[in-house]
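Here the structure is laid out as structure tokens; the discussion comes afterwards.
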Amino acid sequence: MQGVLSNISSITDLGGFDPVWLFLVVGGVMFILGFAGCIGALRENTFLLKFFSVFLGIIFFLELTAGVLAFVFKDWIKDQLYFFINNNIRAYRDDIDLQNLIDFTQEYWQCCGAFGADDWNLNIYFNCTDSNASRERCGVPFSCCTKDPAEDVINTQCGYDARQKPEVDQQIVIYTKGCVPQFEKWLQDNLTIVAGIFIGIALLQIFGICLAQNLVSDIEAVRASW
């Protein structure tokens, strides 16, 4: 994970932004939100409860906005995913964590490259140029290989020379579909689950806002009766 964080700015074009700060900001927001809600309820502090309610409402609005923007700019997101995967392909041998990340992605979605196996021409070890003296020339990583259930040990050389074969033969040995279209297919196949998760999170946030507002109303009503 440390290697991924130290290299992710270079593969996502973040302009030198350290992604560790993102984790710190998210952790800080969660701490502040939890602190305000917990202490506000225990001490019956209406200021903290109102802060909790408004802050949670802002987060809900931002999530809703992000969802709408993701739908509107889905082509841009697709291009960014393509850019991310291809930059990982270029840096495949440079960092073991990045290597594990793309291997996991290709194995999980049964894909190879961003839009196909030929995307591995971007890597200096796997490209098909005549000047490439690597044994992996015109091949793909083992994570692109179709899996044989009978094999207990991973054959890390199964992708050697795979792209030198005719396309019909390639489909027997390796995954020929790209990870971007496979990801889109996964989203379509699991749309109900993904939508259910987001709706569940949204309902929990709305429920939290309603509870906080009801508690504020009860506290103010009791204080008004004094």
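Cβ atoms here come from the backbone N, Cα and C positions, even for glycine.
As written in TrEMBL, here are the features:
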- 20-42: transmembrane segment (TRANSMEM)
- 54-73: transmembrane segment (TRANSMEM)
- CYS111-CYS144: disulfide bond (DISULFID)
- CYS112-CYS128: disulfide bond (DISULFID)
- 193-216: transmembrane segment (TRANSMEM)
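In the structure shown, the C-beta of CYS111 has more C-beta neighbours within 10 angstroms than that of any other entry among the disulfide-bonded residues CYS111, CYS128. Around CYS144 (disulfide bond), a 10 Å sphere centred on its CB holds 27 further CB atoms from the protein chains shown. A gap of 17 Å separates the Cα atoms of CYS128 (disulfide bond) and CYS144 (disulfide bond). Sequence-distant contacts of CYS112 (disulfide bond), defined as residues of its own chain at least six apart whose C-beta falls under 8 angstroms from its C-beta, comprise GLN106, ASP119, TRP120, VAL140, CYS144, ILE174, TYR175, THR176, LYS177, GLY178, CYS179.
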